[in-house]
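For reference, the structure discussed in these notes is given below.
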């Protein structure tokens with residue numbers, strides 16, 4: 001029989017209609033001789049009623065055999081419920097069954113198919129096809145589909161061209177580790193799965209495409225966390241002949257449309273703009289969460305004369321004030337915060353409490369002479385907790401930024417109904433890597449330096465600024481972009497500043513440098529992390545909730561057991577040997 005409609009879409013206007021439904025048995029209940037079944041499909045749940053006085057004995061026998069997650073086909077008449085269930089969209093109606101057949105049976109599932117299950121993550125991923133049956137998960141992917149549909153409509157209307165770029169490409173340095181794919185035809189050579197379509201989309205601008213976009217898979221072999229996966233999806237854009245402001249305007253319009261189409265929200269345009277240095281100094285993060293206050297305060301000048309060497313001899317002394325929560329933090333609680341501070345490179349965490357117009361705490365005796373200035377500078381009020389870090393500017397900012405976010409979550413200071421977008425601009429071109437002992441690209445080596453600082457490519461690299469911009473949402477980097485280098489000499493200077501010899505630059509990026517000999521237009525773009533965006537729209541804290549078949553924290557798939565060993569024959573065909581199969 002042909003399905004008439006989705007079970008979750010049956011409403012009171014269908015009363016008296018004969019329909020056929022197909023789906024899964026959510027649960028079965030036997031009450032007073034009647035059998036009640038919750039039939040579930042992707043749109044929701046519909047109650048079925050089987051009355052032994054109104055159906056054939058075979059139908060009743062089939063109903064009695066049903067168990068959770070059996071797949072069934074059922075026909076009957078929609079009737080009004082005697083008692084409506086206000087918790088269900090279908091709660092005013094039920095289906096009086098006339099015909100019933102089993103399309104497939106099911107073993108007992110390892111967890112219940114319902115929201116709010118307590119199964120651990122690996123069990124959910126091992127049986128991902130069952131996990132995805134849960135209404136909550138289905139809603140996540142409906143939302144994701146709405147987001148991509150909205151984005152495509154918006155960009156199509158602006159005459160962007162959707163172009164697929166290669167999945168098998170060249171391995172290049174800078175950034176995360178590549179996933180490598182050995183070539184059978186070209187023995188000893190390897191492709192790389194793209195970390196982004198960065199260079200190919202730039203080449204499309206040189207080809208005259210003018211406006212490109214792609215919703216594209218990318219791959220990075222990096223350590224995983226809640227908002228990272230080894231394979232992820234980007235909304236990738238590139239344009240020619242536009243300024244950074246014009247590109248940002250396009251992106252803002254796209255996000256505004258997505259918010260309207262998916263959440264019914266009007267977002268205020270233009271988005272706020274914040275300089276990178278201000279973000280770091282005030283929020284301790286290059287992706288500031290502006291849904292709550294607790295800004296970092298610089299106290300270096302105030303404390304430099306105190307008789308406390310930890311403060312007086314430090315490069316900087318900065319603090320955050322936790323308003324009206326001093327009584328919530330015992331010494332044990334503060335010790336936990338101190339351990340977190342040490343994880344970010346701080347030597348420790350000094351603290352004070354301000355109660356009844358008096359400071360108290362381990363360092364209070366050193367600060368009595370400046371208590372008035374401190375109280376005024378920090379605008380202290382009763383029951384405030386003050387946390388200090390005395391260290392380099394970078395360590396103080398990063399440590400207090402991390403504590404600021406953790407404390408806000410602990411104390412429930414964040415308004416989760418808000419969607420606070422902003423641009424972080426005026427980025428440094430380079431960042432120093434202690435591990436590498438050299439400057440690295442803060443974004444990537446194709447970013448255009450500002451005209452005012454480009455001369456420092458041969459001088460002080462710390463002074464070079466980039467025409468770069470990150471879009472931030474609620475403390476997460478949603479995406480990043482920049483204007484790109486289109487002049488060959490500037491690109492060669494950039495490679496040299498990053499430590500490339502002329503030979504290595506030619507070996508790695510010769511095709512790009514050659515393209516710059518052929519009228520490369522001014523261009524720029526941006527990429528937005530689709531998984532992260534949908535995660536935030538769905539109110540989740542892990543992108544696994546919005547990726548159909550994600551990897552776990554070991555970059556493995558418990559369902560398919562990927563990655564897996566391969567046969568000796570496959571290795572021989574690729575001229576590869578593996579030293580050990582041991583984990």
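Cβ coordinates come from backbone N, Cα and C, glycine included.
When 229, 487 are compared with the ATP site residues 220, 221, 222, 477, 529, 530, 531, 532 in Swiss-Prot, the one appearing in that site is 229. Swiss-Prot lists region 'Aspartate' for one of the ranges 194-197, 198-201, 202-205, namely 198-201.
Residue counts for the region 'Aspartate' (198-201) under DSSP (helix as H, G, I; strand as E, B; rest coil) come to 4 helix, 0 strand, 0 coil. If you measure from the Cα atom of residue 443 (L-aspartate binding site) to that of residue 530 (ATP binding site), you get 19 Å. The most densely surrounded of the binding-site residues 222, 477, judged by C-beta neighbours within 10 angstroms, is 477. For the ATP site, whose binding residues are given in the record as 220, 221, 222, 229, 477, 529, 530, 531, 532, the maximum C-alpha distance rounds to 19 Å. Note: the Cα of residue 477 (ATP binding site) and the Cα of residue 220 (L-aspartate binding site) are spaced 17 Å from each other.
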